[in-house]
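Structure first, then comments.
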Amino acid sequence: MLELRSCSNLVNSSRRLVPLVTYSGLSAITLPKSRFYSQPSALEVQGTSDSRSDNILDELKQRGLVSQVSQPESFLRTKLNGNDKIKLYCGVDPTAQSLHLGNLVPLMVLLHFYVKGHDIVTVIGGATGKVGDPSGRKTERDVMENDIRQSNVASISQQLQRFFKNGLEYYRNRCALTEDVPSGKYTPRNNFNWWKDIKMLDFLADFGRHIRVQSMLARDSISSRLQTKNGLGFNEFTYQVLQAYDFYHLYKEENVTIQVGGNDQWGNITAGIDLINRIQPIKNKGLPFGITVPLLTTATGEKFGKSAGNAVFIDPSINTAYDVYQFFYNTLDADVPKFLKIFTFLNSSEIKKIVETHIKSPSLRYGQTLLAKEVTDMLYGVGSGSDSEALSNIIFGRYDGTLSAAKLVDLCKKARILQYADREIDLIKLICKLVNCSVSEARRKLSQGSVYLHHSKSKVNENISNLAPFLIDDRVLILRIGKQKCFIIEMR
């Protein structure tokens, strides 16, 4: 199952303004190489398919979305080349309130299949979440209260449905497709719905004989924990059995033949394949397969999806479209080509042109801007990227005066950054209110020329008792203090 991260300590840190920093040009960077992703030079962006008819497995590999495929891979390729419709799934345990950006990589695999006519299933671990997956962990998880788990299940269900709905809309818009072009079918599932009726003795009698303890002990997630001081609880030891049965159940009841997960899920996925092959006659259904995605890291070696030590979440109640836009806008130059391949449906020729344009003037952040707009559109709906770009331009001093006050208020409310003030307030008091400083400190900021009003390039050096001339449509004031603080205020 996908690992989620705690949503605590996020809101304040993720919304702060991130100052622009200067990165070296792409032409001077040697991008990281691995067997998952290879980039000999910034200009050699190759491999993403320009055709919907090309083998989807090859395209996913070329985009850096595939790490391992269970054997025989040739059989899977034959099915895909024959235009057979397949059904695949990915599981998520409700260990946090929201999915984070790092969870998107396996979900992008499902999305690629989905938009090209294949059926997909997501399984939320309402049952397995009670047990806890030891994969990739050195210690056992803390026990979660049942009501919190149920709340997480409900939240994640909405996030998954929103992701595939918006993702399909984004794909159709990006590829200029009409709605009559068929996609696959999306089916959400909760494994509690089948586990609640299974009795332990019946399960052991029917399935225990097909599960080999020697294979369980040999898996990395188990063997590594057995070497630690605290060892491994029986609950976590049996987790792979539960996930294996999930795959078997979906294979038998819903004709699901592929499970997708992170690299740390390889042992759990192959456990399911082993169980299916031992129980279910292969002649009745297609072979079961597993596909894993690589752990995505940045050019600096950090886990992708982190911002100042906190994960960036896709739940709009936690992180807004503007938050996600800013996260991708601050992508390192070296990561732009890779992230364009993984998180967008841009084809190879489009990505190559973007990179070439970016190299000419890296300081303009052309590549980051397009990346941020594409991902924001995919996650929050088409148009969210352009809105976030417009808001970013205002906040970072690039406002051209074309947006109405009503549009500004709407954008800022969605980003949850709109401030309010009495229209009779003078500038000194307004500065004190916004930055929580003394009157003398506010006067000092004015005298130093650190204060700007509206989108004027001229500095304000003295107190202003009447701010009406600086309002947009007699309603909104833009106040900048220094290089990193910008406030958009609705005057009432």
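Positions of Cβ are set from backbone N, Cα and C atoms, glycine also.
Bear in mind that the values here come from a model prediction, so they are computed numbers and not experimental data.
Mapped onto three states, the DSSP output places GLN243 (L-tyrosine binding site) in helix. Sequence annotations record features per position, and here Swiss-Prot assigns L-tyrosine binding site to TYR89, ASP133, TYR239, GLN243, ASP246, GLN265.
Following the DSSP three-state reduction, the secondary structure of ASP93 (ATP binding site) is coil. What Swiss-Prot records for ASP93, LYS306 is ATP binding site, and it gives similarity to another entry as the kind of evidence.
Same-chain neighbours of the motif ''HIGH' region' (94-103): 2-7, 124-126, 129, 132, 141, 144, 149, 151-153, 155-156, 159-160, 163, 296, 303-306, 311-315, 318, 324, 327, counting only residues six or more beyond its ends whose CB sits under 8 Å from a CB of the stretch. Taken from Swiss-Prot, the feature motif ''HIGH' region' applies to 94-103.
Taken from Swiss-Prot, the feature motif ''KMSKS' region' applies to 303-307.
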Predicted model, mean pLDDT over the motif ''KMSKS' region' (303-307): 70
Collapsed DSSP category at GLN265 (L-tyrosine binding site): helix
C-alpha spacing of GLN243 (L-tyrosine binding site) relative to ASP93 (ATP binding site), in angstrom: 11
